Amino acid sequence: MFPDSSTAPIFLSSLTRVPVEACEQYSSCKECLGSGDPHCGWCVLHSMCTRKEKCERSSEPRRFASNIKQCVRLSVHPNNISVSQYSVMLVLEAHNVPELSAGVNCTFEDLAEMDGLVEGNRITCSSPAEKEVPRIIVEQGVKLCCHLPIKYKGKLGKITEYWHLLRCLSCVGSPYQCHWCKYRHTCTHDPSSCSFQEGRVKQPEECPQLLPADRILVPVNIVKPITLRAKNLPQPQSGQRGYECLLTIQGVEQRVPALRFNSSSVQCQNTSYSYDGMEMSSLPVDLTVIWNGDFSIDNPAQNKVHLYKCDARRESCGLCLKADPLFGCVWCKGENRCSLKQHCPHPQSMWLEHNGINSKCTHPKITKITPLRGPREGGTLVTIRGENLGLEFSEIKDHVKVADVECTPVPEGYIPAEQIVCEMGKAERSQFAGNIQVCIGECRPEFMAKSSKYYYFVIPRLLSLKPNRGPVSGGTIVNITGSNLDAGSNVSVMLKDQKRGGQWITCRSHPSMQGYGNVSVSVFVDKAHIHKDLKFEYVEDPTITKLEPEWSIFSGNTPVTVTGTNLDIIQTPLIRAKYKNLETVNICQVLSPTIMQCMAPELPYSLNRQKEVPERPDEFGFILDNVQSVLALNNTNFMYYPNPVFEPLTVSGVQELKPGSPIILKGRNFLPPAPGGNGKLNYTVLIGDKPCTLTVSETQLLCESPNLTGRHKVLARVGGIEFSPGVVHITSDSPLSSTAVISIAGAGGLLIFFIVIVLIAYKRKSRESDLTLKRLQMQMDNLESRVALECKEGKQEQVEKGLKLFGQLINNKVFLLSFIRSLESQRGFSMRDRGNVASLIMTVLQSKLEYATDECAGEPLFSLFCAIKQQMEKGPIDSITGEARYSLSEDKLIRQQIDYKTLVVNCLHPDNEKSPEVQVKVLNCDTISQVKEKILDAIYKNIPYSHRSKASDMDLEWRQGRVVRVILQDEDVTTKIEGDWKRLNMLSHYQVTDNAVVALVPKQVTAYNSVNNSTVSRTSASKYENMIKYTGSPDSLRSRTPMITPDLESGVKVWHLVKNHEHGDQKEGDRGSKMVSEIYLTRLLATKGTLQKFVDDLFETIFSTAHRGSALPLAIKYMFDFLDEQADKHSIHDPHVRHTWKSNCLPLRFWVNVIKNPQFVFDIHKSSITDACLSVVAQTFMDSCSTSEHRLGKDSPSNKLLYAKDIPSYKNWVERYYSDISKMPVISDQDMNAYLAEQSRMHMNEFNTMSSLSEIYSYVGKYTEEIVSALEQDDGARKQRLAYKLEQVVAFMSLES
């Protein structure tokens, strides 16, 4: 078929061979042959799916399977054995296997391997012997299981040994021949080991077990027994303990004595139970019946005990009466609270109880109404929240009016006592507004509720629709503008994912069902049809035809020009890359219907590790609304190359230059090896704030510096990278002064002027020549460096091989002794050489030394830090001032009343969004940065702080449904500004709800926001965010200075919870008043009480030799003895002086610093409020070491008052500690030296073993003949051919010269 003359000819520029099959994706024979791909088959001995010609010896019988019936099948007899059976003969029947005459190996994982005996299609193997099976560890009644695959040059099948749960039902109910010994509480495969007298059980029906029970309800703090039905309960034998009930309440076990009535009944004796908190009205508690200490009775029905509190979460009469009638709760009218009947001190006539004589709550109340506006046509679902809104639907049916219009309650929306949902009827044109009225049963005053807020009738109107066209695949975000569009309860548009405000509705277009063309867009608000002729046009989907260039660097952000069709119909086009299940996106800008400019996304894997080889992404494409065909382009070979790496200008970071001299930036990867040799990046180099002209090579950037003098920072930018290699100091050439030039001109006249012109021209020419010479030299250097690198790599490989072989000799005891003796016998081997060689050998042998040091104070110090951090974060913390509701420091205490609520947010893991969501507790008054820090703490709780992602590098994304994603920031266009104060955005500002789904995403240049349908700039953050980037946390920055300085450009001051006033003024709450301090001392004491145990544990650990045992560092004893010796020598017998000397040497010099700065020891982040609390603890520690009397007065600081009662005890601990150390045995100088040597070995990982081996080898090169001669004379060395091995090392190392 040929095109006619009107059709343009088609030219093929290139031809590529593409495989039609993808066999390697199938991992098993069944998957491979069940796929239906005619090109694929199963290569048996290589266990892989491939084409037949790629399978070795595929023509031989049963080596290549092309039909699923030809797959290898194995069966083993027996297929299970007990853990206590060893060397059992196993018979495997093999079908469809190749010829087995070459022999079969039976491999039981890494336990054992042996030859199998082949007889036809049967293979006989022996299970592992007793010594080859690992010891099975039993923990909490559970034994582990182990799968043992049998291999024949590849996996053919597996047998399995099982070790079962230590429960009767799981023992006898398993598919294996197991028996249960009731009185020994063990499971066994050998029935002879369990006699009849020991209660052998064979069937599950014979097992001791609890029977299903109705709900077991127990009110808290009420003494009552718990009776349980059971069967087959064993009678404890002589020497065995009786029965107990074990209840686990909020993680704490409570054991209660129990009485076995007979084999079918047991009772937990009279006891009361309780649980903490009022957040739960009832708490299901796990119940276990045990006997003889730890023999548990099976509980197949999972019976639980339900503890409950009548007054928990039942603050109103209605909530009380709707409680489960079995609870026995009543509303005690005189007390106005919910309680048990027996706890109400008033007569029964003063009770209200469900289904009782008095069962109707009075004084209903309406607290919330949504929505407050709706159309007159009706159909609006009005939700009324309140108290005492009836207990039965019949009580409120036909008794609700909204603005004098009947509102019909909906049964599905009714929540007894709490909520009514009703559907509005049609209103007359004369009706405009009114309140809500609800009657409970009858409309008497005591049963009637009226709202304080009004409901209004409004008329929704439409104005326009924008944009009015989009791709047929849908996904276009459409804005419909108008008025009163937020009225009513439901808006219905022909498009999807509606969101609305007062003057707008946003929705997303569906994929077109009729192809291209216009469709009418109709809008309903409840039953009101809004009439307006709105049209939306579906046009052909955009396509991508070309990318230029088809490469970028790992950090992305290099320009990519995209050619295609219909690109202008996409509002927010994005370019994407996916690698290792991680996805990144970047922005695009549409220039015309056929061209758009994009910034390449970074390679996701480069976030975790810098690689030095090119990488191809798994997917590369575009997010163009809902167009699926361009998500992953199949016709692109987009490649990522390693990032350019810059070296510092000089070691000091400052380079001295003359004006006009070029600046050379060195590094690597400056020219990516892109196809066609056109791998050029757009570099920008700034000297100060002025750019310079660049010449680029593979390893150098030649910068022609602008005409500047003085010190200037050098900044290089490329892609998403910004790096400063240092500072240049450009000093003047000291040209002739203007006075001298005038004098010479006057004296020499025109001749001298001509000479000056020639000199200037010559100087300029020489500079140009120098610059050209530099360029040529740079090219020569590149060529030389490449050749040298290739030579160096080959030589270095041989040298490293020689050093590794030499390291093996050093670890040989025979060689090492002979080597040392040979060196010591040489006259030229000095004492310095001996010490040097000894040190180097110890460095090489670091991994073979066994030593242990332990400082037990680390754990309580870290526990104290965690406790302070957790306690502080339970309440509000001011992001600006660092003040907190809970604090040990009065200076860091929030004085004002801050209303806040705890929220739980579900965070997606930033490294793997498919992993389970992480629940994080936050406060609605937290700033966005504080929320990010809390999320990072939860996600990376077991990862050192320095290895975590930084909050300043991430954006918090609130995900509402599948499509809508809102970026939350401390400051954005919605930030509230009142006067000269600007308040940081909090979760409450964005109205983030409980159990919201959020995600931490890498901060990028821009991001789209589905809510407002516009591209929200995510450029470098505001000045406030730039400021917190300094340390990664707002608190760490503000711990130095309060941030009350106004913004220099706008004069606006930033605040969070408490406004900082000028330095001279007192803050709100009159901080200068002593009365205020006393008022808030109670809150300080409460915080101190919470942390008391952790402070005590830390102090007791530090000031106790008993806690450390032999781990007390010998240096402390040695130093204290030295101080006592010096005191005796100078006749100083005052115990206070000796005490002070010791305190100044150890606690006050070392421990105070560590307590106040735990980040010196642990990889953590310390906020300003934590720092303030640790300062109080450190001050208490200092006071504990003082010998002076701890006097308190009315003017004493609050931190002294907090620990006033504890300091005497701490002082006693200090004195006891010093006394215990003085009683310890004296440390000799020899022991002290050994201890110091041990401490030096603690740093073994900081030494370079290869460098040490190279240094030691220098002595081998010096005394080669003597060492070889000694090795040849030694019998042990001759047997191991050590002389020959050393000569091999010498041969390898000779290449180095």
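Backbone N, Cα and C define each Cβ position, glycine as well.
Predicted automatically and left uncurated, TrEMBL annotations should be read as such.
Check TrEMBL against the ranges 234-261, 262-289, 654-681, 766-793 and you find coiled coil recorded for 766-793. Residue counts for the domain 'IPT/TIG' (363-457) under DSSP, helix first, then strand, then coil, are 10 helix, 54 strand, 31 coil.
Across the domain 'IPT/TIG' (459-539), DSSP assigns 0 helix, 50 strand, 31 coil. Residue counts for the domain 'IPT/TIG' (643-741) under DSSP (helix as H, G, I; strand as E, B; rest coil) come to 7 helix, 46 strand, 46 coil.
For the domain 'IPT/TIG' (541-641), the predicted model reports an average pLDDT of 89.
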